[in-house]
Structure formats: structure tokens, C-alpha cells
Amino acid sequence: MRSAFLSKLQTHAPVAQPQVISSGLAKEAGDLPQEQEVDAEDQLSADAQDGVRKIQATTQVWSKGHLIFAYVMIWVITFVDTMQQGMSNSLLPYVTSSFRLHSLTASTMIMSNIIGGLIKLPLAKVLDIWGRPQGFLIMVGALTIGLVMMAACNNVKTYAAAQVFYWVGYNGMSYTISIFIADTSALKNRALMFAFVSSPYIATVWVGGPLATVFLNGPGFRWGYGAFAIITPAITCPLYAVFAWNYKKAKDAGLLPEKTHSRTFTQSLKHYFFEFDIIGIILLASGLALFLLPFSLYSYQKDQWRSSLVISMIIVGGLLLIAFALYEKYRAPVCFIPFELLFDRTVLGACILAASLFVSFYIWDSYFSSFLQIVNDLSITQASYIVNIYSIGACFWSIIVGILVRWSGRFKWLALYFGVPLTILGVGLMITFRQPDVNIGYIIMCQIFIAFAGGTCVITEQMAVMAATSHQYVAVVLAVESMFANIGGAIGQTVAAAIWTGVFPQRLAEYLPDEAKANATLIYGDLTVQKSYPVGSLERIAINRAYGDGQKYMLIGGTAILAVGLGATMMWRDIKVKDFKQVKGLVV
């Protein structure tokens, strides 16, 4: 689901003035405003930023038909994007293998995950200051540029750069849609609406593998990306149009009086430079990238860990992270991360859970498709079905979770007593079952466990951060939660790549028969070469054993980190969302 995990997965009636603490966070469940108290105040929030006021005005003037149309278009956009995601996931090992660098499958995603996660906090400011439609349009543009670059790439460096553009755009677009849902749904219905929007995964999961096969066996992977570079802008335009039309309608109705600013162009540049904390973003993104990338790239250096490049990247990355912390505390006029929101234990706990889930997920998932194709001798299509059990199960189960949240009015119990424990069970069992000569049915069973658990955790962690704050801060806390998830994903991919590059080539060289040892480097770097050896041959058995050893260490690490997530879930307040109304206007 969020890209599904992830991606990971991912309101306006008249309201009474919410009771909030100084940071804008809601108090304990007993202090939340009651639904009966919020009957007749249609005016816009006086202290809200321009983007929030714009969406409040928009939802007061649009019709029920426009609201339904917007949700239908969001579903269609999600359908197309998830279909493209499924295809891309199946193509990725072949794209990197085409450059003889299959082991960089995880590395190509590390930088994109870091930047894709960090971009959401500045994007939250864009949405709150300038408006939702503007942010949506910018992100669609970035996504399209990424697809065009992937279609035209001739080396793994260009492909990695394309991944950055793509994931910035995709994560940003998904995030904007999440904010739209938060703007247009009552809190008690929000989990169900998030689940509805993610439901296309249930259908598109069956299409990704066959679609990748069609392009690989036909015009090539480049046309796979090129086709969606045309389709994506076409299907996103109607949603932007309905946003823009109703904003104009609200403006014409006088709900949004013009604001004049006396700043010059230079003053505006300076204002937004500090408002978006550009220095902080550069320090954090550069520091994380330089610190994490060497763990997956060291095996390509002659001296490996003793390489001056690897050592200098780790040291400089660490120093930049320290510089970021010092700058944010002592020098930044506007902090990149809203630390005052993180003081709330529910927000902090949800963010830590998101990070730990993504660390775990990307540790065990990064080479899962390759494992299935090599060790279990599955086709791309068959492997995609098993990999995507998570997407199917999580999206289906999230609908059940949404109904349970609406019925019970609470969400903590679902994560604490079901979601996180079942995730630990599913990942832990795979330590034994994801090995050569083990019946694939056991792997499928574990995937189902993790899928139902994931559908619970993703929805409840998002509900936790939204329920703990007022409408004014929803965009920010969702951005913070997503940033933790994406950085967790980057860390998980780093750990996966480090384990893979440290274990697989060493065990491969150890297990290969003497006559094949000269080809170890070629086998290590190319999935198609690995598949070329017949099943049952000494070379294929050696490759399978090396895969099994690498997977075992990945799964041990993925299971261990989940203990942090269980503790984080215990931190949440047990907020009753039935009694809490955040939004204005016509909502679901």
C-alpha cells in the first residue's frame, strides 16, 4: 500500500472552537469538542493560513456532485498509479541488470526515499500557504519528469536521478490527495475514506506483472515508463480542474478577500527561503544521503570499507547531520521540523511506528521479487502475484479497519493488540520459511499475516497523528509522519543493501563449483545470468543457497526492529474520534 506500504498507504462542517494546547495539539479524549457543539459556524478560521482558508472556502461552495466527482477522480488516479507502480516494481531488477548492476536494486531507491520523504514538509507549507491545487500540480509535473527520464535513461545514474524525481512527485501527489481527504471527511469516517482511496490496489495488483512482461517481451521497459508519462498527466487534469473551479467560485462569492503584500520580489525570495528552511533541508538531505549510501556502495570499491571515498562520505554525512541539529536549534528562523508537534506522545509514537515498520519492510522486501524468481523459479508475473499479496491484503483489510474505527470510535486497540503483534509474527516466521527447498505456501501464509497487519498499522498510525491535532496542523503532522516513514524506508534499504553486498557475493563465491567461480561477479550483478543456469544444476543450487543466507540475515534484522514499533504504539493516547470534529463545509 504505500507505494504502497506504501507508500507506503495512505473535512468541512461548521465547527466549534477546538480546545488545543499551545502547540495546536488536541487534549486528551475527554477534552475533545463534541459533535453536538458544532452546528452553526460557517465562517473561515481566522487564524488559519491561506491554503487552509482556501480549502475551507472551497468546500463551502462546491456541490455534492463535485465532491463525489473529486473522490471518483482520486480513485481513478490511484488506480492508474498503482498499476504503473506494480509494473515498475517488476521491471526494476531488469533495469539495473541491463546495466550489469542488479545489486544496486535497493541503492537506486535510497536517495529517492530520503528526498521523497523530506519534500513533504516543504510541500505542507506550499499547501498551507499557497493552496492544495498548486501543490498538486507541481507534484504531478515532477512525477511526469521522472517517468520521462526513466524512459530515456542509458545508465543506472540517470535511472537513480529519475527515481528521485518520480518519488518526489508520486509521494507529493499521494500526500496532497491525503490532505484533500483530511479536508473533506469527518474524522470518524476518515479511516474508511483512506481505505476507499487505496482500494484500487486490490485490482491493479494482478496487472503489474503481466504488464511488465508485455513491455519486456515487446517494445522494452522504456516504453513502459513512456506510456505512463502520457497517461498520468491526462488523468490528473480533471481533479485539478475541479479544485481550481471551486476555488474561483469561492473567490467570486467573496469568501476569500484579496490579500496584498508590500514585499518586493527580492524580499519575497528571502522570506520564502527562510520560511521553507532551505538550508535545513539541504543539510538534512545531504547528511542522510552521504551517511547511508556508503553502506550499499562499499562493495564496489577496491578497498571496500577501507576506501577513502566510503570513509569520507560517512564522516561528512555524520557532520552534516550534526550541523543540521545545531542549525535548527540555534540559527534557523523557521524550523524545518515542527518539534513542538513532536512533543505530543501520540504524534511521536505514530511517527516512530511508521519509521520502524518501513525499516523492517524495506529490509526484507528489497530483494524479495528476485528471490522468488531465482530460488522458487517463478516467472515475473507469478512473482509479482506473491509480492503483491501485501498490497491486496492490506488494502482489503484497511476497509475493515475503517469500518471498525467508525463503529468503535477508537483506533489504538487495533494497532496495539492486532496490527503490530501480527507483523512481528509474520516477519519472524519468514526467517525459517524464506529458504531454498521450503514450500512456497509458507511464504504466502506469512505474506497474508503481514498484509492484514499492515492494513491495520498504516491506517491507525495516520489516524493517530490526525486525531491528536486540529485542522490547522493536519497537513504538517501527516508530512512529519510520512517523513519518518520515508527515512525509515531509506534506512531499511540501506541495511538490506549492506547485508546483500556483504553476504551474497561472499557466499556465492564460497558455494559455486570451481569451474564457475570465475563468473561470480557476473552472476552477482545480473538477474538474467542467475536465471540462465538450469534448475538443479550445481551453479543454480549455489546461487539459491547464497540467496537463502542473505535473506535470513535480512529477516532477523527486520524482525528485531519491530520491537521498537510495539513500544511506540503503547505511547498513543486512546482518543475517541467519534466525538471530534475538525472541519468545515460539505464533507463525507
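Just so you know, glycine gets a Cβ as well, placed from its N, Cα and C.
As recorded in Swiss-Prot:
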CARBOHYD  ASN519  N-linked glycosylation site
TRANSMEM  60-80  transmembrane segment
TRANSMEM  104-124  transmembrane segment
TRANSMEM  161-181  transmembrane segment
TRANSMEM  225-245  transmembrane segment
TRANSMEM  278-298  transmembrane segment
TRANSMEM  307-327  transmembrane segment
TRANSMEM  348-368  transmembrane segment
TRANSMEM  385-405  transmembrane segment
TRANSMEM  413-433  transmembrane segment
TRANSMEM  440-460  transmembrane segment
TRANSMEM  473-495  transmembrane segment
TRANSMEM  552-572  transmembrane segment
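Away from its own ends, the transmembrane segment (161-181) comes close to residues 3, 7, 10, 55, 70, 74, 77-78, 81, 85, 108-109, 111-113, 115-117, 119-120, 123-124, 127, 132, 135-136, 138-150, 153, 190, 193-194, 197, 236, 462, 474-475, 478-479, 482, 486 of its chain (Cβ-Cβ under 8 Å, at least six residues beyond either end).
When each of 60-80, 278-298, 348-368, 413-433, 440-460 is scored by its Cβ pairs under 8 Å to the transmembrane segment (552-572), the top-ranked stretch turns out to be 348-368. Beyond the transmembrane segment (413-433), the same-chain residues lying 6 or more positions past its ends with a Cβ under 8 Å from any Cβ of the stretch are 353, 357, 360, 364, 401, 404-405, 442-443, 445-450, 452-454, 456-457, 460-461, 464, 552, 555-556, 558-559, 562-563, 565-566, 569-570, 572, 574. With respect to Cβ pairs under 8 Å, the transmembrane segment (440-460) is most closely packed against 348-368, considering the stretches 60-80, 278-298, 348-368, 473-495. The stretch in closest packing with the transmembrane segment (225-245), judged by the count of Cβ pairs under 8 Å and taken from 60-80, 348-368, 473-495, is 60-80.
The listed stretches are 60-80, 278-298, 473-495; of these, 473-495 has the most Cβ pairs under 8 Å to the transmembrane segment (348-368).
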